[in-house]
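Summarising the annotation, TrEMBL assigns domain 'Dihydroorotase catalytic' to 51-236. The annotation Zn(2+) 1 binding site is assigned in TrEMBL to HIS60, HIS62, ASP152, ASP305. Among the features that TrEMBL reports, substrate binding site is placed at HIS62, LEU63, ARG64, ASN94, ASN278, HIS309, PHE323, GLY324. Taken from TrEMBL, the feature Zn(2+) 2 binding site applies to ASP152, HIS179, HIS232. Residues or ranges marked as active site by TrEMBL: ASP305. The domain 'Amidohydrolase 3' annotation in TrEMBL covers 329-422.
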Amino acid sequence: MRILIKGGRIIDPVENKDKTLDVLIENGKISALEKKLAADGAVTVDASGLLVAPGLIDMHVHLREPGYEAKETIETGLKAAVRGGFTGVACMPNTNPVADNQTVIKYIIDRASALGLARVWPIGALTRGSRGEQLTEMADLKNAGAAALSDDGRPVAGSGIMRRAMQYARMVGLTVISHCEDPELAAGGSMNEGFISTRLGLKGIPGAAEEVMVARDIILSELTGCPLHIAHVSTRGSVRLVREAKARGLKVTAEATPHHFTLTDAAVEGYNTSTKVNPPLRGEADVAAIKEGLADGTIDVIATDHAPHTMEEKDVEYDSAPFGLVGLETAVGLVWRELVRPGILTPAEAVAKMTVNPARLLGIEKDTLRPGAVADITIIDPSLEETVDPLSFASKGRNTPFAGWKLKGLPVLTMVGGKIVYSHAGIKIL
Ligand SMILES: NC(=O)N[C@@H](CC(=O)O)C(=O)O
Ligand SMILES: [Zn+2]
Ligand SMILES: [Zn+2]
């Protein structure tokens, strides 16, 4: 099987490339990258006017299987991933049972590879049952294929256990991904603490609930030498703490989600439970700081924190709804709307935050379009515009705050290992 992608603008942040070239794919690999390639008998994709990037990676996804298949399965989650332009995702361990042992990690890997959609890198739990009490067998998790360690979904409340977790994670060579939330400061809250929470009569979660833990984990990363990645940064103070940590040369990285750089807590007015997410949507100064952090490199990664829930679970009073919103199928459109078109990031910078940067953190090689590389490729049409329709999602989750939004700049083809796993109806394949 040979595929020729013709006339696209190649964006390869690793090779520092941004120019119009043809790409030939043979036997699952990129075999040539040149001007005006000819390949008789090859399937040809007309990519004129389109961007051809290394396959996008979303390093923060909740696939929900095993245990919560009513919310999502590995299959529906990966269908959503490829439809969103992602050739690979890292999935969080807050399943049932928790991914705190080899069996669950291996199950996820086997199930995903049998599907042949996007690649999956499971993240193992830091503590047993993510209960924050006893460490997991981290070396076993790594041997089974865990790409990083996290108790995401729950904060690690105790500083002592977090310190020991980082010591062991460092020994086995895995990054710790931290969901930074002080449980006492956040207790009972369902949205950002501020003027709007007061007006809506909802209990707030202060930015400080995140920031005290970001500060703590940076201090523990320095103490232990363990690489630390801060999940879903939502406040100006967190951005500042990460910036300072980097300036001091610490091994600290961070991610931001599309919802946190697009929406403020004003979106909660109307009590749409699809705006209920942890950490909560924050204020305007926070959104501005996240954009600044993305632009100046403080925030290395864009990740969705795709968190599907059923309609029944979300169709309740705001304060009793579960936290989380889906993101896989709106991510690229929001990146283009909020970051690329306004000039906050170049296309290559945006692509780097969704390819090589998360890949390096997870210890994955595939992140380039250089000949010889595995053909994981995402094609984006910067001028394609569509209205977000949750009913058309491949995900089981319909819980998006972006329903009805017009997004421009969308993925149109996703290729994994030389196989086209998603293509938009509008793309020309001959
Ligand atoms: N982000 C969320 O609001 N929810 C996530 C958990 C998490 O990412 O902490 C979930 O698993 O539903
Ligand atoms: Zn989290
Ligand atoms: Zn999460």
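Glycine too: its Cβ is placed from the backbone N, Cα and C atoms.
Mapped onto this structure are the features recorded in TrEMBL.
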residue : record                 : DSSP class
HIS60   : Zn(2+) 1 binding site  : strand
ASP152  : Zn(2+) 1 binding site  : coil
HIS179  : Zn(2+) 2 binding site  : coil
ASN278  : substrate binding site : coil
ASP305  : Zn(2+) 1 binding site  : coil
PHE323  : substrate binding site : coil
Among HIS60, LEU63, ARG64, ASN278, HIS309, the binding-site residues whose C-beta sits under 6 Å from ligand 1:
ASN278
Shortest C-alpha distance to ASP152 (Zn(2+) 1 binding site) - which of the binding-site residues ASN94, HIS309, GLY324:
ASN94
For HIS62 (Zn(2+) 1 binding site), write down the residues of its own chain that are at least 6 apart in sequence and whose Cβ falls under 8 Å from its Cβ; none is a fine answer.
GLU72, GLY77, CYS91, MET92, ASN94, GLY153, ASP305, HIS306, ALA307, PRO308, GLY324
HIS179 (Zn(2+) 2 binding site) and ASN278 (substrate binding site), distance between Cα atoms, whole Å:
9
Sequence gap of 6 or more, C-beta under 8 Å: which same-chain residues meet both conditions with respect to HIS232 (Zn(2+) 2 binding site)?
HIS60, HIS179, GLU255, ALA256, THR257, HIS260, PRO279, ALA303, ASP305
Under DSSP, is HIS232 (Zn(2+) 2 binding site) helix, strand or coil?
coil
Quick test of your reading of the structure: among the binding-site residues HIS60, ARG64, HIS309, PHE323, GLY324, whose CB sits under 6 A from ligand 2?
none
